[in-house]
């Protein structure tokens, strides 16, 4: 067979595939310029920076895991608020039956337009996710949490029964189905997960996450969320500082970290982020115990700086705009190197 005939047959085969499954089903990569990944903000500038692409990617699976009360749900709720701000539709699959509508409202979520499901089993939860992703109308689905996705076999069995690997099989099967429609329809699914300890592990990390290996494989991004210290006001504990590590990233450089402050009943502190990033980028200059902006001392100590930024919207937005400009400059410089 000549080279011309081979090329002709290949061309015919490609045309047939496109006719059957659509123009986007197959292509020669060099014919089409690379498409930038569409993203939406996480609601935190620090997390957006750590992700390397400016936010969570559309049409992908994201896993957020960590110990209890570390801020996983808060991060996910902030993402929902951002999607709604852009006019998108979000769904919250509350397998733990623990969502606090008032807290969600405090974080900026329009609860009147949030789709909520409290499923009775793991199969029901994942079937709902699969159905929603196929509608093309949902931008973000949050599943809270993988550990609470209990298979029917376990729910219907007796306490003494051991259903080994049932949840892992359920997750693996569901993820195969869900992934196929996610990218096509531009829906992002965030799975919140907990941490378990393997029994009998002496060497290495004993920590693992429920749901088997399927989620680790299918997730484009995995975030490890940990509390590092408490935030206090006098004798009262008002929140905690959280370290978020990007342990897997298929779209940018992994292993970057973000530090955020989560304040009880308020969520991620935007003023703390602006104070931190402003100092890191040289927009705010520390002079002893004072912080200076444009050569003028504006606040003594970090606490007073955060309070000033909270109460002075004009200053907050001015510094925020400069941070965004500085980050764009840094990104352009890194691309030219």
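Any Cβ shown, glycine's included, is placed from N, Cα and C.
Residues annotated as ATP binding site in Swiss-Prot, with sequence analysis given as evidence: 66, 67, 68, 69, 70, 71, 72, 73.
Within 8 Å of the Cβ centroid of the ATP site, not counting the listed residues 66, 67, 68, 69, 70, 71, 72, 73, the chain contributes 225, 227.
Cβ environment of residue 67 (ATP binding site): 194, 195, 226, 227 lie under 8 Å away, each six or more residues apart in the same chain.
For the binding-site residues listed here (69, 70, 73), the lowest count of other CB atoms within 10 A around the CB belongs to 69. A 10 Å cutoff on Cβ-Cβ distances gives residue 72 (ATP binding site) a total of 25 other Cβ atoms nearby, all chains included.
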